[in-house]
């Protein structure tokens, strides 16, 4: 009998092995949907971004008015712009759920997949940051100024590094042009890195909620999980469409409706909501270099997860003590997000410092020590 084309064709058999006949654990829950949802987010962002780039002008004198032009004069431009801006928020919601799932169920023990994932997080954060500068509103300009200025904390090369990034002595036309370039190219780098992420994942297969070996109980990805993922797509795209049409500016900053003005500083400079937890950690340290290092470490600490895993059990499903502290970490991150949006005054400064300390304490001290404690309890 002639082999099926999807199994014999050089290109189709790669797709078949990744999305059709892929053996998947039968017991994976909806928490495993977020990987494919991230793929949908990326495709949606590239599609809407491509059309927006056709009408956007990366020039300080025209950028702000080109956004107004897109919203007023371009066919469905308002929808494209709102889908793209809110799509970024949904992208980060999916990323944070995806990372949370990985931490809870021990997915980080697939080291290569996890490390590529953390690199992807950095790339997505960089893309979102440079993209936020493009409308050239007040918060775009001052956000770019504040965040790029952090590089000046680097010893010896700091000031030169900042001027090199700026392309001059301040955030100006050269900065906007290069940020547009970065914002255009980075999503394609993210797409390539996502494929590497999938490649590594398919070497080992997916983990599952129990953290046990699931080779005895696997089903094909299609039709079971393709339809399960499809439900996730409908829910997410429905929520994105609803937010983009009914409350498109809910997550934005009102300051960004004012054109960038280097002579007027906004009363509270803050990034988009998805960066607030890291921004709170940055602000909680009075020293500039210390703050920058803490900011970097708040994400880079994820690289340590495979090293600090001391438990004999993979998943938190059977680890009641560690489970409690996982949710404490989630609550703590939520508190940091809230603090990041507050002005720098008491009691917010103190709360931010305590929450930042706890954030690192849970990762560096509690996760490894609780693993060892639970190992001892298993022997009793």
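Every residue gets a Cβ built from N, Cα and C, even glycine.
Pulled from Swiss-Prot:
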type	residues	note
BINDING	84, 183	heme b b562 binding site
BINDING	98	heme b b566 binding site
BINDING	202	ubiquinone binding site
TRANSMEM	34-54	transmembrane segment
TRANSMEM	78-99	transmembrane segment
TRANSMEM	114-134	transmembrane segment
TRANSMEM	179-199	transmembrane segment
TRANSMEM	227-247	transmembrane segment
TRANSMEM	289-309	transmembrane segment
TRANSMEM	321-341	transmembrane segment
TRANSMEM	348-368	transmembrane segment
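Through the fold, the transmembrane segment (34-54) approaches residues 70, 77, 80-81, 83-84, 87-88, 90-91, 94-95, 97-98, 101, 180, 183-184, 187-188, 190-191, 194, 229, 232-233, 236-237, 240 of its own chain, all at least 6 residues removed from its boundaries and within a Cβ separation under 8 Å. Cβ neighbour count for residue 202 (ubiquinone binding site) (all protein chains, 10 Å cutoff from its Cβ): 14. Rounded to a whole number, the C-alpha distance linking residue 84 (heme b b562 binding site) with the residue listed as 'heme b b566 binding site' is 21 angstrom. Two recorded stretches are said to be in contact when at least 3 C-beta pairs lie under 8 angstroms, sequence spacing 6 or more; the transmembrane segment (227-247) and the transmembrane segment (78-99) meet this definition. Around residue 98 (heme b b566 binding site), the same-chain residues at least 6 positions away in sequence with a Cβ under 8 Å from its Cβ are 34, 35, 38, 117. Other Cβ atoms within 10 Å of the Cβ of residue 84 (heme b b562 binding site) number 21 in total over all chains. Reported as a whole number, the C-alpha separation between residue 183 (heme b b562 binding site) and the residue listed as 'ubiquinone binding site' equals 29 Å. Sequence-distant contacts of the transmembrane segment (179-199), counting only residues of its own chain at least 6 positions beyond either end whose CB sits under 8 Å from a CB of the stretch, comprise 18, 38-39, 42, 45-46, 49, 53, 56, 58, 113, 116-117, 119-120, 123-124, 126-127, 130-131, 133-134, 144. For the transmembrane segment (348-368), same-chain residues at least 6 beyond its ends with a Cβ under 8 Å from one of its own Cβ atoms are 280-281, 283-285, 294, 297-298, 301, 304-305, 308-310, 322, 325, 328-329, 332-333, 335-336, 339-340, 342.
Cβ neighbour count for residue 183 (heme b b562 binding site) (all protein chains, 10 Å cutoff from its Cβ): 22.
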